[in-house]
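Trainee: Pasting the relevant annotations from TrEMBL:
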TRANSMEM  21-45  transmembrane segment
TRANSMEM  460-482  transmembrane segment
TRANSMEM  519-537  transmembrane segment
TRANSMEM  549-567  transmembrane segment
TRANSMEM  632-654  transmembrane segment
TRANSMEM  684-704  transmembrane segment
């Protein structure tokens, strides 16, 4: 009676607890449903893309008539002829900066030179997250023959207080100016000349003609580093530094005052936004000139969407350009993608009949193009490497975008070139007018988004759905595996053994997860060592990339064997495979959660590769005891997903999709890819070696686990 009364008085568990227990008891079905739904939701994203719109009313693009006229085009042509003459007289690439500076001075602008050294990119673990431009500063008491010279002009706003500025950047190679770079400089100067005469400016204008002989990013980031991090020394650094040829060519022998004025680093206000524009090579296709927008910055950062919207609106609706973004061209002709597009189109048609407000019946060409653009956007964000020099501005929380004009005419066609300069100048002027209207920084629109077209985007609230669906079963599966192992441990607790109570509790009780935790710590420590090895391997002179990669692999395997010899192998430590898998899944959950904060695109791609591999992992010896059909399906799935999850193989797949070529040296190119990531301090490098690689190794341990060994050992006890 007392026991029955106690059972009746005992409160029922809460609904969320009962739901968790139910899902844990059906975790296999729940995992299959969530993973399938996550993949389908990811493929459905192009159909959910929305048209872009302006959130900041102060931008009002196109509301004012542009002043850029044919006279500015003539001035651009005169400037181009002057550059050509300076190129013929150039000695060491210094006559071009001198000519540009003189033209700026004639406009009444403040002019100065910025000398910088090439960036010596190298992997250093202690400087991984520091600014890349810290080592670009000119070092005192040294002599350099290889340096770059940026030429900067500043127009002070007649209606401003000097607190804000707009930066225009035109990159060119001072050593060998190409015809398209000459056109870029002409366009930049003509716009700068116009802005020096207008009376409506409320923000300062800075024109940076960046010397890109060492790369566009290097020139811009070196200038930005000194702009935001001034050096306060007892003597000017540049006076104590000998850059061979600079003092002799740029400055007159008796022009000490002019030299001091041109070398004094001048600043405008806080940079409100930046626009990088250049003219690319002549397109072989299309009947219209095009503009390609590049927006991805370091570690998946993107500029405010309003800046892209202004550029797109003015380029398409005002100047008649075709606006493009980067795409995976290999997907545009993919037959399997067209089949998926047909399926989604039919589903969308049915859903629209049910509810006319559900406009999900995207056409097949739009879906294919949107998927190719979305794949490129996710890939570029996941790499964590800027797609242009605009990324240097984003490192200082400045919104910037790179525009590459694609002319559809030959550059010697003077009439077409004049028309192109007219429309390009009006586009640049229109963007400057809109940014000049801002009363505060860009903040109204999205910073977290992915592009499926120049005028369509997917916001953070939508593209998080596939990631959440893929991540949802992880804690449920981990709890189910741990609970199953705990139930098994209760039966073992009833056995009578010799030894201390503490040993019994650790061996058979609730503390047995410490063994799997020890395995995890050993593997994580190994992963840290593997991620640091390139710093020492790269010191070997004269080796080929494939040799570096082989040395890296051999040392990694040797270190793993040594660690297992010191701390014990998981195969001989009596670790249950269920606890090992639960530990692996917990690690994935934490790693993916942290990575989604740093770079969501990396976490999205990682979840798509890693989570199915880990959920399907099961000891091969246990799979052999199943019936033929389940055993075959599970065995093939486990091996295939584990192979696809191996980092070099995953790199091969992504590289093949991005370039459309599958002929690649997987070993050597993987080293170059990793070298590329650590040179740019990409957080994806840390993800690959601190999250992905340890989980892949744990998955291998689960597959090769001798699942019957612990049970036989416990029976003997």
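Cβ coordinates are placed from backbone N, Cα and C, and glycine is handled just like the others.
Mind running through what each feature is packed against?
Mentor: Counting same-chain residues at least six beyond the ends of the transmembrane segment (460-482), those with a Cβ under 8 angstroms from any Cβ of the stretch are 20, 23-25, 27, 30-31, 34-35, 37-39, 41-42, 45, 48, 446, 448-450, 513, 578-579, 581-582, 585-586, 588-589, 592-593, 596, 600, 603-604, 607-608, 611, 615.
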Trainee: Grab the same-chain neighbours of the transmembrane segment (632-654) for me: Cβ-Cβ under 8 Å, and only residues 6 or more beyond its ends, written as numbers and ranges.
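Mentor: For the transmembrane segment (632-654), the sequence-distant neighbours (Cβ-Cβ under 8 Å, at least 6 residues beyond its ends) are 379, 605, 609-610, 612-613, 616-618, 620, 623, 626, 662, 664, 666-667, 669-670, 673, 688, 692-693, 696, 699-700, 703.
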Trainee: What else in the chain is close to the transmembrane segment (519-537), if you only count residues 6 or more beyond its ends and a Cβ gap under 8 Å?
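Mentor: For the transmembrane segment (519-537), the sequence-distant neighbours (Cβ-Cβ under 8 Å, at least 6 residues beyond its ends) are 123-125, 548, 551-552, 555-556, 559-560, 563-564, 567, 570, 573, 575, 580, 583-584, 587, 674-675, 678, 685-686, 689-690, 693-694, 697-698, 701.
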